[in-house]
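Peer 1: Sharing a structure here in structure tokens format.
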Amino acid sequence: MKSSVMATQGERWFSRVNALVLILVALLCLFPFYYVFIVSFASPAEVRQSVLLLFPKQWTADAYRYLFSTSAFPRATGVSLFLAIVGTACSLVITSMLSYGLSRKRLKGRRVLLLMILLTTLFNPGIIPGYLVVRDLGMINSVWSLIIPVLTSGWYVLLMKGFFDSIPAALEEAALIDGCNDFGVWYRIVLPLSLSSLAAFGLFYAVAYWNTFFTAVLYINEPEKWPLQILLQNMLIDSSTALGGVTDSALQDVPSQSKKMAAIIVSTVPILLVYPFLQKHFAKGAMVGSVKE
Amino acid sequence: MNSANAQAKYPGRLSGQESLGKSIVKHGALYLMIVPGLLYFIIFKYLPMFGLVIAFEDYKPYKGIFGSEWVGFAHFERLFSEPMFLTILFNTLTLFFLNLIFCFPVPILLALMLNEVRQHRFKRVIQTLVYIPHFMSWVIIVSISFVLLSMDRGLINELLVAAGFDKVNFLMNPDWMRPTYILQIIWRESGWGTIIFLAAMASIDPEQYEAARLDGAGRFRQIWHITLPSIRSVIVVLLLLKIGDVLEVGFEHIFLLLNAMNREVGEVFDTYVYVAGLQQGQFSYSAAVGFFKSVVGLILVMAANWLSKKFGEEGIY
């Protein structure tokens, strides 16, 4: 009797300490974002004076006004939005058509093709040969070099094919026999059944395109075509953070710290906005994400 | 019309007995649909594999792949005789082992703690929050670290000064490169890394815990004797896969952390290839370095996969 009472007391303490540590971990995960957010909105005086600014007394959006009155920042944001929207659409169409084809038994040679795609996940020839292909296609400094070379991946094709495998062929037979062609079957029958899965893949593609950095380092040399992530990195390295083009003298006073933080927030917000939708698809997402980036 | 009828009316249509030509005529649209995707793999995956021949040539852009002079293994010989080779190998292995020791156990620990939470809503809220950093790009993760660690009004240095310490140049001092790298990985990936372990824990039969409780086992003993053994196989597979990826220390992440001061401790294969190839234009040499890395990587992945099958766990391939 006594030992069970002690056990339950111990249990209670265990639960409390456990919960407390988890709350601390969650706060640690979020605090940097919160701090960046706060400083981006704090008045210059407060940014310069306080050591640990947890809540500004005076809020100002001057840092954001500064960023969007430059020419470079809105342009880079536009490039990243273009990538996230157009790139995701292209990737979904290409990936789902290929995966669908490969999942159908009526496609001859699918074994060989699947093996061929599996091989690409095993061996990566490296940066240089890929760069030479993109260069020889004349895509250097084209915004398409940030989309076409990363349109799809072996992992995504194999995962999506696995999903289409679970759609029984019987569903399509009737339509095929009624004279509907394969494209029509895919478009009218299979896609509507796969919307939630497509949404999951779409969100992961969108996040990847929005976060485009590496391909832009390789393929884009002209600052006018930089996506947001490259501009952000340059602002961080360059302590002056003067982007040029700002005429409003009231905005010259914005501390460079606040400009940097505001730029970080702008590049973070779209992801936080789609995050609740992403989260709905974590079961599939974990599969996609934990296997390979 | 049921499928047996269909079979009778269109013999071979659905059974896969017809020839390729007939199948293409009948399902032309299906073959057309896979063409763009296949072209992608041919152009952006297989063409570069073929392009690796420049690792054995003295490739000159104006001569092209077919016109450049064949030099055999000269670039590989140069790689192995460069003093830099040992440095990048050492740096890569150091980062890998630090990663294994400090980053690998954190998601397991976190998953064990989350698994002990009985209130589902609280658990979900914590999960939602700790997953967020995973979706941020390395640029954002590194940027936030920069503004926190900066000498110029960075939060951490301001706090150090307020507490009576000297400022520390975290970003430029080579001694701080590796700890920064490790902490950033822990921050970004630990929450997300719990998913796979939590999934494994969810499939544990609750009756096991019930029985253990009746035997008087506390929470720690339940974790030790039930939870941990149940996720052992997942841990083994992930560990082996990680070892297979030893050379993949994260180009984007390291590229962002590198500067003139810490290059000596932070240079790894990918960043070396980038500098030698794209900044200095030594395409053949850097392709050879990349090739070497890819071959070693392939061997390690295959070995890891073979080992995990040996352990009776499912491999990925």
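Placed from the backbone N, Cα and C atoms, the Cβ positions cover glycine too.
According to TrEMBL, the protein carries these features:
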TRANSMEM  A:20-42  transmembrane segment
DOMAIN    A:77-278  domain 'ABC transmembrane type-1'
TRANSMEM  A:79-100  transmembrane segment
TRANSMEM  A:112-133  transmembrane segment
TRANSMEM  A:139-159  transmembrane segment
TRANSMEM  A:198-220  transmembrane segment
TRANSMEM  A:261-278  transmembrane segment
Peer 1: Between the stretches A:79-100, A:139-159, A:198-220, A:261-278, which wins on the count of C-beta pairs under 8 angstroms to the transmembrane segment (A:20-42)?
Peer 2: A:261-278
Peer 1: Report, as numbers and ranges, every residue of the chain located at least six residues beyond the transmembrane segment (A:261-278) whose Cβ falls under 8 Å of a Cβ in that stretch; write 'none' if there are none.
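Peer 2: For the transmembrane segment (A:261-278), the sequence-distant neighbours (Cβ-Cβ under 8 Å, at least 6 residues beyond its ends) are 33, 36-37, 39-40, 63-64, 66-67, 73, 77, 80-81, 84, 199, 203-204, 206-207, 210-211, 228-229, 231-232, 235, 285.
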Peer 1: May I ask for the residues of the chain that lie six or more residues beyond the transmembrane segment (A:198-220) and have a Cβ under 8 Å from a Cβ within it?
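Peer 2: Counting only partners 6 or more residues beyond its ends, the transmembrane segment (A:198-220) has Cβ contacts under 8 Å with 80-81, 83-85, 87-88, 91-92, 95-96, 127, 131, 134, 139-143, 145-147, 149-150, 156, 160, 191, 226-230, 233, 267, 270-271, 274, 277-278, 281, 284-285, 288-289.
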